Amino acid sequence: MSTAGKVIKCKAAVLWEEKKPFSIEEVEVAPPKAHEVRIKMVATGICRSDDHVVSGTLVTPLPVIAGHEAAGIVESIGEGVTTVRPGDKVIPLFTPQCGKCRVCKHPEGNFCLKNDLSMPRGTMQDGTSRFTCRGKPIHHFLGTSTFSQYTVVDEISVAKIDAASPLEKVCLIGCGFSTGYGSAVKVAKVTQGSTCAVFGLGGVGLSVIMGCKAAGAARIIGVDINKDKFAKAKEVGATECVNPQDYKKPIQEVLTEMSNGGVDFSFEVIGRLDTMVTALSCCQEAYGVSVIVGVPPDSQNLSMNPMLLLSGRTWKGAIFGGFKSKDSVPKLVADFMAKKFALDPLITHVLPFEKINEGFDLLRSGESIRTILTF
């Protein structure tokens, strides 16, 4: 029996208030309106940004159905939808691509003006919600809301992918992998034979390493205070790893000496102000490039010496690895299918969706790289 055009009752993880566990609830998911798509979720990853919603460091309207790194199958479409059809495998896009705004029209820009990250409304593009629970409307998150058996997204926030792709793996292309990989290949534009330093060896940091390796870097130095992360970093391409706690002098001095005067490219994948300045400082003063990859949106201002830039360094950042989402996600999935990179090293745990709170405990304890929830 077709569910198209009907309200679907299903399970979702609702966050009713900050700093509380997710509550598995029965929710009602309205059918898609014009230019909207309803998706049956198959797999979703647990990303640090979702935990920032729980902790309150990423402020978004509550109650909310969070989740933004996922893959699923189109259940039904609203009128006027042309880029996907029912049965298509898809990845929701937390950074939309409307194709019409000045950012989408700019060759380098990818932070579409229709995003819900700059000033979160927690709604669809038309300002309303498709979720109801206990008679109350529930907010959307970044236009995706993947912690639900069904979700509704705008057409500008979904990409059709290869019908043969394993959704429980390629869901990582919806955020973590692409954010790291793109920071190396697209934002920094890492060059053949270069030396790179990557601060923070979580899932996104490992993806940065994969990007540096794919771009042909000769040396990739992983930096983390948890030496348990070094083996995995080397498995995906790090040539050496250093622990700042093993040295009496500041780690930027250690890295500058190791690289004969500074690395070509550095990446801060932690979201700490002190390590951002450290990463900038350790890159070569005349032509080094440092990229800020991870940062909680409530971060404080930092102080730095502008002479670090005056000598010739470049300091930059990007959302979603600088990729234009709707254009790039299908290509990244095709590259994965062509074995140009692996996603298995990033996945440490797979849990049923109902165990979402366990998955977040694994993230907070540092035990997991990526936990995938399956529906």
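Yeah, the Cβs are placed from backbone N, Cα and C, and that goes for glycine too.
According to DSSP, S2 (N-acetylserine) is assigned to coil rather than to any helix or strand. Around S2 (N-acetylserine), taking its Cβ as the centre, 8 other Cβ atoms fall within 10 Å, counting all chains. As annotated by Swiss-Prot, N-acetylserine applies to S2, with the evidence given as experimental evidence.
Per Swiss-Prot, Zn(2+) 1 binding site is recorded for C47, S49, H68, C175. DSSP assigns H68 (Zn(2+) 1 binding site) to coil in the three-state reduction, placing it in neither a helix nor a strand. Sequence-distant neighbours of H68 (Zn(2+) 1 binding site) (same chain, 6+ residues apart, CB-CB distance under 8 A): C47, S49, D50, P92, F94, F141, L142, T144, S145, T146, G174, C175.
If you look up Swiss-Prot, you'll see S49, H68 marked as alcohol binding site.
Annotation comment: Swiss-Prot describes S49, G200, L201, G202, G203, V204, G205, D224, K229, V293, G294, V295, F320, R370 as NAD(+) binding site. Following the DSSP three-state reduction, the secondary structure of G203 (NAD(+) binding site) is helix.
Same-chain residues at least 6 positions away in sequence with a Cβ under 8 Å from that of C104 (Zn(2+) 2 binding site) are, in sequence order, Q97, C98, C112, L113, K324. In three-state terms derived from DSSP, C104 (Zn(2+) 2 binding site) belongs to a helical segment. Summarising the annotation, Swiss-Prot assigns Zn(2+) 2 binding site to C98, C101, C104, C112 and lists experimental evidence as the type of evidence.
Rounded to a whole number, the C-alpha distance linking L201 (NAD(+) binding site) with C101 (Zn(2+) 2 binding site) is 35 angstrom. C101 (Zn(2+) 2 binding site) is 25 Å away from G294 (NAD(+) binding site) when you measure Cα to Cα. Of all the binding-site residues listed (C101, C112, C175), C101 has the fewest other CB atoms within 10 A of its CB. It is C98, among the binding-site residues C47, C98, L201, whose Cβ has the fewest other Cβ atoms within 10 Å in the structure shown.
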